Every structure is written in structure tokens, then in C-alpha cells.
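Feature annotations, courtesy of TrEMBL:
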{"type": "DOMAIN", "residues": "11-108", "note": "domain 'Cytochrome oxidase subunit II transmembrane region profile'"}
{"type": "DOMAIN", "residues": "109-220", "note": "domain 'Cytochrome oxidase subunit II copper A binding'"}
{"type": "DOMAIN", "residues": "226-320", "note": "domain 'Cytochrome c'"}
{"type": "TRANSMEM", "residues": "34-59", "note": "transmembrane segment"}
{"type": "TRANSMEM", "residues": "80-102", "note": "transmembrane segment"}
Amino acid sequence: MHISPVLWQFLVKWLNASALFPREASTIAPYADALYFFLLLITVVGLTLVGTLIFGFAIRYRKEKHPVAIQVEGSTLLEATWTIIPLALFLICFVWGALLYFRIYNPPTNSMNIYVVGKQWMWKAEHEGGQHEINALHVPVGKPVQLTMISQDVFHSFSVPDFRIKREVIPGRYSTVWFQATTPGSYHIFCTQYCGTNHSQMIGEVTAMTPDDYQKWLQASTSGMSLAQNGERLFASMGCNACHTGAAAARGPNLAGVYGSKLQLTNGSEVLVNDAYLRDAILNPSEHVTAGYAPIMPTYQGQVSEDGLIDLVEYIKGLQSNYRIQQTLVTTESDQAAPTTPAGVKP
Ligand code: HEC
Ligand SMILES: [Cu+2]
């Protein structure tokens, strides 16, 4: 991705080499930097202009030359000029910034998803195939990667300066950020929200790899169970399938295909079912009761960890119309394998 003339490349390389500036390692980075340099440029021009005028006027209109002050009545032309030019500059910054904001915060539809759980004081990444890593994140280059992030305790903020991304990681709510790495290598992860004693140690490393290497890494780090498979187990061991059997007469609605659909609620509103809604439906079921059903679903607040919730969400997301068959298979299988550890806690 190049928006950059030779001069630009030269400037960035030079700043980078003199340790003044992070590398540009994502597709967004040159765009973020372009706005940054533009702001820097108009600031320097403004500073020079104002500074020169102050010094120039101080010398030119000093007391020895002009002992008596003259009343100046103003100039419409001058005032209009110093109003319209800055206004235009600020509007350019606003529109440019807004366009960049949408580009940065709207992940492309073909992006792959990785979950990130932040807690005092570490980052945990969970890949869809069930690979877990701590203070590390492996990603392929040339592919948009979306991070769905949540905190287990206080506010954190996930930041990779080389990718020019940064987003708050909040307890109780999923937030997302995305990037597309351009160059294989390793890049620093920071927590950029002061989060307690060891905040400064809440760091890690993104390893951007060629797609082939990434596949190899996935294979080598597999735990044998994908997130959805873990979720399927939990779904059975926590008794969700007692009500969500998939049958029409069941006490709970069929969850197959519910992800991405619009649900009609008893209070008359309509909601889009996304990751955040699924998570909330499990923790606060009485807050949004699906039309046509009694509010009998118990809350699972405090009974399932963020990891467990991610597994359940991944499982429900993947449920297609063959849900019922899948479900019967799972029930028998995992009744024997019911974990003795609290739900969602992985060894
Ligand atoms: C006692 C029966 C019962 C149990 C147990 C139960 N649910 Fe529910 N669930 C319901 C009912 C009834 C609704 C619809 C009314 C509502 O929204 O509260 C529902 C709604 C939902 C929804 C919202 C989507 C929709 O189509 O309405 C999700 C997601 C969900 N349940 C997941 C789960 C999960 C995951 C578990 C286990 C951790 C679980 N449920 C356990 C009865 C149950
Ligand atoms: Cu933190």
C-alpha cells in the first residue's frame, strides 16, 4: 500500500532510523501518518507566522519609533482572511480525520477474527481454532485481522504503534479493532491505559508471518479443540441444551442461524444479534426477552469466565440449520466428559 512519494518515504525512513517514529507496518499506517504530518506542517507554518509577526511588530512598532499609540479601526478584509483560512484548515482536518476514523474502525467483511482478553496484567489471545497465547499474537500478513476484545477486570487499552492502532478494552463489553500487517516481523504491544501497579509490564509482541508460516504455526500450536468445540461442551455441561434443544416445542428458542439475524423482543424493539448481544443474552437474559418466549432463562452472571463466554459465543455463531443433529450428538458425548472445573476455566 503506497500513498507515498519519494520524499515521504525518505522522511519516514529517516525518522524511523533516528528512533523518533515507529515503523509503518500496517496498511493504515501511511494514512494515519499522512494526516499526522499534515497537522505537523500546518502547526509549524502557523507557529512560524505568528512568531515572526510578534517579533516583527515588536521591533517595528517599538516605543522609540511610535511614542503615541494609534487607534486602528480594523479591516474587514483582514479579519475575513484570518477567519476563513483557519476555518478551511480545520474543516479539512475534520473531514480527513473522520474519513480516516471510518477506515480504521470498520473492519473489512473478509477479516478473520481473533479474541483478546485483557486482565491485570496480561493479554491473552484466542484464535478460532482454539490456539491460545499470552502476551503474544501471531497473525498472517496481507490479511485483515479483526480483534474482538474484552477485559476481565479494569479498563485496558490495546495498542500496536507500528500498526497505528489503539482501542480501549473494557470490562463487560466487546470492543473491536482491525489491522492488516504488511511486513513480516515482530511488533510491540502496549497497554495504553494506566491499569494498576504492573501496567508498564502489560506488554507483548505481535508476530506477523507469511500466510504459510502462519498456517504452520496454527498447526503446531493447536490444542485439539476449537473455540466452538469448547463452547459446544460448555453448552451441554451448563445445561443450556435443556431448554435450547432446537425443537419447535422447546422452552428456549432454536439458536441455529440466530447470529446476524434481527430478533423481535417482547418490549417491541428489534435487535441485531452480534457477538455483544449473544454475550449479553447469556448474562442478562431478563433485560431483552425474545418475543414469544417466557422470561425463564436464568442469568449466568458470575458462573462463566470471559473465556467461557467467548467459547459459547463462537459455538452459537457457528450454529447452522443442522443444529439439532449436532446437539443430540454432543449431549451424549459430553455428559460423560462433564468437566469438574468451574465452567469456562481452562487448565
Ligand atoms: C430454563 C431454560 C433456559 C436455559 C437453561 C437457557 N436458556 Fe437461553 N433462553 C431461554 C429462553 C426462554 C429464551 C428466550 C427468552 C429470553 O430472551 O429470555 C432464551 C434466550 C437465549 C438467547 C437469546 C437469543 C434468542 O434467540 O432468544 C441466547 C443467546 C441464549 N438463550 C443462550 C443460552 C445459553 C448459552 C445458555 C446456557 C449457558 C442458555 N441460554 C440457557 C431459555 C433458557
Ligand atoms: Cu492494562
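Don't overthink the numbers, they just go from 1 along the chain as shown.
Yeah, the Cβs are placed from backbone N, Cα and C, and that goes for glycine too.
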Determine the mean pLDDT over the domain 'Cytochrome c' (226-320), rounding to the nearest whole number.
84
How many of the residues that make up the domain 'Cytochrome oxidase subunit II copper A binding' (109-220) does DSSP mark as helix, as strand and as coil?
16 helix, 61 strand, 35 coil
Using DSSP, tally how many residues of the domain 'Cytochrome oxidase subunit II transmembrane region profile' (11-108) sit in helix, strand and coil.
69 helix, 1 strand, 28 coil
Counting each residue once, how many in the domain 'Cytochrome c' (226-320) are helix, strand and coil under DSSP?
39 helix, 8 strand, 48 coil
